[in-house]
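Here is the structure we will look at.
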Amino acid sequence: MTSARDSSHQSDIGKMKLEADGSFKRAASAFRNWIQKDGEFTAEKDRYHLYVSYACPWATRALITRKLKGLEDIIPVTVVSPHMGDNGWPFASADPYPGADVDPLYNSQHVRDLYYKADPNYGGRFTVPVLWDKKKHTIVNNESSEIIRIFNSAFNDMLPPEKASVDIYPEAHRQEIDSINEWVYDTVNNGVYKAGFAVSQEAYEKAVYPLFESLDRLEKMLTGKDYLVGNTLTEADIRLFVTIVRFDPVYVGHFKCNLRTIRNGYPAIHTWLKKLYWNNDAFKSSTNFEHIKVHYYWSQTKVNPTRVIAVGPTPDIDPL
Ligand SMILES: N[C@@H](CCC(=O)N[C@@H](CS)C(=O)NCC(=O)O)C(=O)O
């Protein structure tokens, strides 16, 4: 169905449109359904499937939340190869990379095949994560910020009490979480991409200085604290973790975010990062440094045309 179609403008990051001033603007996700009682998509076992890349910070939000909530048996996961090329993200059948899986549902060769199955006229980008419905053969949602909120509550009736009660978006802290998410998304999560994808000095500097101002602000917030909000693990931590764990291995070099490193410049953020990673398996098991490094340095040929993968830093993350 998809082989004859030229979708390279939708999947080749090098053909991604930039703004007139050389800056990068991320497009909105297209599938935004919710899993809920009496809705089109209800909570069921053996109905949903999650497609991710270990390389992708947005997908890793979903992986971490799935583990924290104990959803492993309810929502199986499939991992793509980190070699995102001209046809987008490949499954292991198209690129047998260690740690990548074949698509167990349709034997798709690339993630774009799933998008076309969901909508033959789809015209957007073929991004991960994808939360898939096996019953309707379509995408429920491809926006990670919503997928993690779905995971947080939609399946609670089917979970044991100790997992149902895990709440990464507690009512009492919602306002604070939302307001942190807003500037962390703009200047940190997406800020590193804006710095890295900029093709003008001005666009780069407009991203990189606010990024480090936000890291300075986060450093103050995390001094003497294990979590960003209250005294509890929330989605604000999850959303920040996925960027910070990639920072020294990839963003410092590849995206030119090199005013400071986390390990040498931000002691409180560094301690927070190491505690989450080493003390909580949901974070460690969702982080694959090899997929991360290979993906960025290999796939983003506009930024790194030689595809040479930087070997450092060693270790990828310091011990506690
Ligand atoms: N807003 C989306 C963004 C997801 C996203 O951009 N994923 C990247 C990987 S890090 C991707 O799949 N890009 C493929 C492409 O743009 O062609 C989310 O948070 O779920």
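Along the chain as shown, the residues are counted starting at 1.
Cβ coordinates are placed from backbone N, Cα and C, and glycine is handled just like the others.
Of the residues proposed, TRP89, TRP183, the one TrEMBL records at the same glutathione site as ARG125, PHE126, THR127, VAL128, GLU143, SER144 is TRP89. In the domain 'GST C-terminal' (170-296), helix, strand and coil residues by DSSP number 94 helix, 0 strand, 33 coil. Checking the recorded positions CYS56, VAL128, SER144, TYR251 against ligand 1, the ones whose Cβ sits under 6 Å from it are CYS56, VAL128, SER144. Counting neighbouring Cβ atoms within 10 Å of each of the recorded positions (TRP89, PHE126, TYR193, TYR251), the lowest count belongs to TYR193. Around the Cβ of TYR296 (site 'Lowers pKa of active site Cys'), a 10 Å sphere holds 25 further Cβ atoms from the protein chains shown. Nearest in space to VAL128 (glutathione binding site), taking C-alpha to C-alpha distance over the recorded positions CYS56, TYR193, TYR251, TYR296, is CYS56.
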